[in-house]
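As recorded in TrEMBL, the features of this protein are as follows:
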DOMAIN    14-117  domain 'Fluoroacetyl-CoA-specific thioesterase-like'
ACT_SITE  T33  active site
ACT_SITE  E41  active site
BINDING   G60, R111  substrate binding site
BINDING   G60  CoA binding site
ACT_SITE  H67  active site
Amino acid sequence: MLKAGIQGRQEVMVTEDNSASALGSGLLEVFATPAMVALMEKTAWMSVAPYMNDGEGTVGTMLNIKHLAATPAGMIVWCESELKEVDGRRLVFHVEAFDESGKIGEGEHERFIVKNEKFMDKALAKKEK
């Protein structure tokens, strides 16, 4: 059962592939903000995935994130998430990202529980309009 307090953790090595220059968010060879945000989303959804019923998943709907410090290639970045609020299908997480030198990002992330098939049917119907 979903309840506040569920925690998650994921990590990634900073490489050229997840750098600002590769992802188009800047010219520098540092961990890109979009890569940090993706890691935060992954950490949150994976933390609650075991609690989903068959055919259910979660989708991200809101991010309020600060990228506090740069991380060069070759360092490990990890994210920690905590489910702070469950309001029906709405899930609110606190997320923080770190490298070996300290905190590099933090914020709030909101997700909604969806029925996967219904969600995809609605999304694919947009192509037929």
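Glycine is treated like the rest: Cβ placed from N, Cα and C.
Please treat TrEMBL annotations as automatic predictions, because they have not gone through curation.
On its own chain, T33 (active site) has A20, S25, I65, H67 as residues at least 6 apart in sequence with a Cβ closer than 8 Å to its own Cβ. Mapped onto three states, the DSSP output places E41 (active site) in helix. Sequence-distant contacts of E41 (active site), defined by Cβ-Cβ distance under 8 angstroms and a gap of at least six in the same chain, are G60, L63, H109. The DSSP secondary structure for R111 (substrate binding site) is strand. Sequence-distant neighbours of R111 (substrate binding site) (same chain, six or more apart, CB under 8 Å from its CB) are A44, W45, V48, T58, V59, G60, T61, R90, L91, F93, listed in sequence order.
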